[in-house]
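J.: Below is a structure I'd like to ask you about.
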Amino acid sequence: FLFCSRLFQTCKGGRFTGVFALVLREFSAPANALQDYTKDHGIETQFGKRIDDVHMLFRHCTKLHSAKCLHARLIVSQAIQNVCVSAKLVNLYCYLGSLALARHAFDSIQNKDVYAWNAMVSGYVRLGSSSEAIKCFSLFMMTSGLQPDYRTFPSVLKACRSLLDGMKIHCSALKYGFVWDVFVAASLVHLYCRYGPVANARRLFDEMPVRDMGSWNAMISGYCQSGNAEEALALSKELKVMDAVTIVSLLAACTEAGDFVRGVLIHLYSIKHGLDSELFVSNKLIDMYAESGNLKGCQKVFDEMVVRDLITWNSMIKAYEVNEQPVKALRLFEEMQFNRIQPDCLTLISLASTLAQLGDVRGGRSVQGFTLRKGWILEDVTVGNTVVDMYAKLGLVDSARAVFDYLPSKDVISWNTIISGYAQNGFAAEAIEMYNEMEEGGEMTPNQGTWVSVLPACSQSGALRQGVKIHGRLLKNGLCSDVFIGTSLADMYGKCGRLEDALSLFYQIPRVSSVPWNTLIACHGLHGHGEKAMKLFREMLDEGVKPDHITFVTLLSACSHSGLVTEGRWLFETMQRDYNIAPSLKHYGCMVDLFGRAGQLETAFSFIKAMPVRPDASIWGALLGACRVHGHVDLGKVASEHLFEVEPEHVGYHVLLSNMYASAGKWEGVDEIRGKGLRKTPGWSSMEVNNKVEVFYTGNQTHPMHEEIYKELTLLHEKMKMIGYVPDHRFVLQDVEDDEKEHILMSHSERLAIAFALVTTPPKTRIQIFKNLRVCSDCHSVTKFISRITEREIVVRDSNRFHHFKDGVCSCGDYW
């Protein structure tokens, strides 16, 4: 640049034209256009003559090197000495993104006027240098001797990053009499909405003598940005006319407030006044309809758009992804590629969630590869978190952990994602371990998402002590009243056997939605308290809380575990008749389980055949499980045939059928199924002793205290036989001698855990055990005998429910 400048200064007449043409040929088409214009019009050195022609040259400068050429020509022609021209050059450099050249041009101006100072301040603001904009304004006020005008304040107010800075500028605006200028007042409203109480902004707005559309938009968008959507909608009722900016702000407010009827009315207004054709209005309409679940509305807006940008496609893909229609979301992504629209980070975030919903592992790995190739996974932590979440939802927790470890920087969402990923896939111990690692690091402060992720892990593993520790921290920070955290705590206590504590927490949190009610109903069902679950349901209705589909799933499950067949039938009818909730496969599955547990196997089979939707694996699996318990081999075989048509590769259902054959003594059926090479999920039981979780596997002899454990079991076995215990060999799934069957039964995981607790804990201490599979009938009978002999209360939570054993009686009434 300096070389060109000096070279032009040494050239005169034709030599100048030749050098100018030579340099311009090295630049772009806009620069060549500049050359042509110079040739036709020339640049007069006398100020006031043809300065308007100089301004025309700025239109051709669309790139930085052409702007440098113009700058050099202005220096040679001395037109640079015109303040208006120099200020326009400052603006040009800022527009092209070069603050250094803009400041150089600004500093070269001899007699700066207000326009020049405004140009430099607004340039700093436009390029994100807020602190420099404030410094430049301060320099202007202290050294120039000039007075600011109405253009000065809006720019510098945008640069303010604190309420204090804004109040100083507000004082200056008051001093110079510009506070009621509509542009200045609108900027002040924006400032107070961002950094101060919204009430201050509203007071300023109400005092404005004149309000233009910008002032209204500033106040409405200010309410939206500060989370006061209801206030924004209330204010808009005073408006007689709206523009596109108003409509976008109000649509955002409707989305936040959940007032979708108002959103439709605003849509109608935009159609009537021809504003729906604005691209950003259409994009916001898609977002609003997506949030309301109205995918037809989204699609209609999308189809009627003449112009679509990347935001449009992202909004549509997200709309289908959020509303759990992954096939259509994927089809839209493919259509987007066909239209040669390049995806960005937001596209990949929605696509990753879509592929997780589809269970598309191969597609998920392709997404990770694409983000790595683009470098997004390293540059944007949100993208990395999305990939971790995608792998977790696909069940690939090892891949999720590998990506998590690879992330160069992690935020609290990264930790929440991996913790919830472990918990959702049944790796409760690993989830708690990650939470402890996060705490030990000390760099991250847990938030609501952290607690809501780790507390379910405590529920799964029965880590009551860890849960109580977290509860103490939440009490200290005053977070227990949060509905999501409070509900998670209640769920943790309920699933760890402390139902009284769960109820106490339940009555301390807001209960205006169905979420906390569903949690307590589920906990009561897990403990076999079907009657209490129904009482909670009636209390929920009395408080005016509307039940949802999850409410009825938890209620039907509670009835199933308590044998309340009549109540279950009534709930199934009420759900459809009074609340217009169409039964899902989960509801049908609960009904089949309800009939099956009650021994009404033929009723369950007839119910399945009458279903209006095709039964899935969970339906036939529930019937097969009931046939296994009640020994109905023929119907079990029918159920298994249907089951393996729907899900032929599910190992658990093959094992269930094998166990049913074994219980009936049909060993040829057992051999046929085991010949397929299927591996059963190993049974394990865990318990917390001395701040440590001990895990026992069936037949395990590797525990350091295994000799003491088996010795205790042998003594208990002899005592139980003396008071009437008879081993139930139906639950030995091997064709061996009776004495060997007794030994196999004695090595079940819950018996090992009980014996360990008897050896290591003081007499009459309560024993609590968690088992990953359903307790077999023989172990259930044995635990009743042990509770009687040892005078201990023994609590066992299996995969279905809680069993409270005391004085030889179980709380389930032998119904589970």
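Glycine too: its Cβ is placed from the backbone N, Cα and C atoms.
Below are the features listed in TrEMBL for this protein:
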DOMAIN    724-816  domain 'DYW'
REPEAT    113-148  repeat 'PPR'
REPEAT    212-246  repeat 'PPR'
REPEAT    309-343  repeat 'PPR'
REPEAT    411-445  repeat 'PPR'
REPEAT    513-547  repeat 'PPR'
J.: Grab the same-chain neighbours of the repeat 'PPR' (113-148) for me: Cβ-Cβ under 8 Å, and only residues 6 or more beyond its ends, written as numbers and ranges.
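T.: Residues 83-84, 86-88, 90-91, 93-95, 97, 99, 102-103, 106, 155-156, 158-161, 165, 169, 172, 176, 178 contact the repeat 'PPR' (113-148) from elsewhere in the chain.
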J.: Using Cβ atoms and a strict cutoff of less than 8 Å, what residues sit near the repeat 'PPR' (411-445) while being 6 or more residues removed from its termini?
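T.: Result: 381-382, 384-385, 388-389, 391-393, 395, 397, 400-401, 404, 452-454, 456-458, 460-461, 463, 466, 693.
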J.: Under 8 Å between C-beta atoms and at least six residues away from its ends: which parts of the chain pack against the repeat 'PPR' (513-547)?
T.: 483-484, 486-487, 490-491, 494-495, 499, 502-503, 506, 554-555, 557-564, 567, 575, 579, 797, 801-802, 804, 811-813, 815-816
J.: Treating G and I as helix alongside H, and B as strand alongside E, what does DSSP give for the repeat 'PPR' (212-246) in helix, strand and coil?
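T.: Helix/strand/coil tally for the repeat 'PPR' (212-246): 24 helix, 0 strand, 11 coil.
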